[in-house]
Amino acid sequence: MTRHLKEFHDEELLSSEAGSEKQYVCQEAGCGKVFKFASSTSEHMNQKGLRQRELSDFEGCLHTFSTKSNIRQHVKAVHEELKPYACSFGCGMKFSYKHVRDKHEKSGCHVYTPGDFLELDQQFRSRPRGGRKRTCPTVEMLIRKRVIPPQMDMMDLGQTPGCS
């Protein structure tokens, strides 16, 4: 636990103690990042994809992967077209990856809502809407607010007024 705290949560401690402890440097050209632990260096190499990548052993496939298990999953999903994950709602769809099936099931495409939507839509449209009714401002109100009435502006431009 103390190693975890030092490694991940104490950045200023790392920079001040860097000279006093053993250092591990990333060997990748141009990186040169310094780590306190060898495990951190190897983790950095894995995350950055700096380790040797595995080439798919399927004929004609040029994809590379970081682990053998990723290669196996790729071959099953893409080349063998195995789809072991079926939709639990019974729509008949099958998926190569569990996370894709889960996304499909959560998408809401299987939600069934009984009812006549055309009738409900008509009822919704016929319902009165709340809120304040807008009226055109009177000339007296605009004069009181020291605003030129829109009719006056439009008459100057040769247009007809919009409010009646």
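Please read every residue number as a count from 1 along the shown chain.
Positions of Cβ are set from backbone N, Cα and C atoms, glycine also.
Note that the coordinates shown come from a computational prediction; the quantities given were computed from them, not determined experimentally.
Annotated features in TrEMBL:
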DOMAIN    85-110  domain 'C2H2-type'
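For the domain 'C2H2-type' (85-110), the DSSP counts in helix, strand and coil order read 9 helix, 4 strand, 13 coil. Taking the domain 'C2H2-type' (85-110) as a whole, pLDDT averages 90 in the prediction.
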